[in-house]
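Undergrad: Below is one structure. I have some questions about it.
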Amino acid sequence: MRIDQCLREAQQRLSSVSDTEKLDTELLLAHCLTVTRTYLFTWSDKEVDESNLSRFDAMLERRISGEPIAYILGKQDFWSLELEVAPSTLIPRPDTERLVEVALDLMAVVQVPRILDLGTGTGAIALALAKERQDAVVTGADYVEDAVNLAKCNAANNELDVHFLQSDWFSDIPLSEQYHLIVSNPPYIDPNDKHLSEGDVRFEPESALIADDEGMGDIHRILDEAPKFLCGQGWLVFEHGYDQGEKVRDAFALRGFESIKTFIDYGGNDRVTIGQKGS
């Protein structure tokens, strides 16, 4: 079967389960053939051999079942990085790049900033910050050992110097460490949220998605401990749910943080809230 025929038939099969069936099929076939998407159109009349057809079909079936493209391919682009992903971690999302932008702005005037990324997962946030601030001393922590190992792999693949360690939030972070910036994209979904049974999140680890106290539990836990690990006038930055901006601001204020502000994401929703350690 020719490349163009493969793409047409695959798009028809995916049309009822994916809003991005054209992109999905191109990414999957390019991955199977170890070529670029441009190649698929330049050489659309090339024949696809049986072994690659079989492999492509197996990947399509996984996508039809709803499995995210990133897990099928084992990789995801984030910021200017290509990251390996696995079912032990969340898939990095474009909205999280907003957190990176805010964090970089906060550190613009700090020389050799010390940065801690809590719940680092794939290492996406820590690595993006290290990429843009090569003078920074960046640490990423996650309590899932597989996630820590994956983050280390992503650091090596992208030739970035970030220290990753296993820690349940601050449990294994030395108290002697003082950071200019602590960032986190913690679990923030209410366990009763109906969206947990829809889309990509069905395949992602619940431990990285849901938190008690209507999704605020881990945010509260981090807020309680963070001041001990922040240097004077240090910043704490959270990604959170679209409807949690006010709750997060109140939680910051309750613990004496100052200069509290919420930033919207690319869809116009509250997504990132910052607070500065009180004097």
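Counting begins at 1 with the first residue displayed.
From the backbone N, Cα and C atoms, a Cβ is placed for every residue, glycine too.
In TrEMBL, annotation is done automatically, which means it is predicted and not curated.
Small disclaimer: the values here were computed from a predicted structure and weren't measured.
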Undergrad: According to TrEMBL, GLY119, THR120, GLY121, THR122, GLY123, ASP142, TRP169 bind S-adenosyl-L-methionine; which of ASN157, ASN185, ASN192 is also listed for that site?
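TA: Looking at ASN157, ASN185, ASN192, the one TrEMBL places in the S-adenosyl-L-methionine site next to GLY119, THR120, GLY121, THR122, GLY123, ASP142, TRP169 is ASN185.
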Undergrad: Given the substrate site residues ASN185, PRO186, PRO187, TYR188, which other residues of that chain have a Cβ within 8 Å of the mean position of their Cβ atoms, reported in sequence order?
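TA: Nearby residues not in the site list: GLY119, SER184, ILE189, ALA208, LEU209, ALA211, ASP218, ILE219, PHE238, GLU239, HIS240.
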Undergrad: Can you count the other CB atoms that lie within 10 A of the CB of ASN185 (S-adenosyl-L-methionine binding site)?
TA: 25
Undergrad: DSSP helix, strand and coil counts for the domain 'Release factor glutamine methyltransferase N-terminal' (5-74)?
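TA: The domain 'Release factor glutamine methyltransferase N-terminal' (5-74) comes out at 49 helix, 1 strand, 20 coil.
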Undergrad: Provide the three-state secondary structure of TRP169 (S-adenosyl-L-methionine binding site) computed with DSSP.
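TA: The three-state answer is coil.
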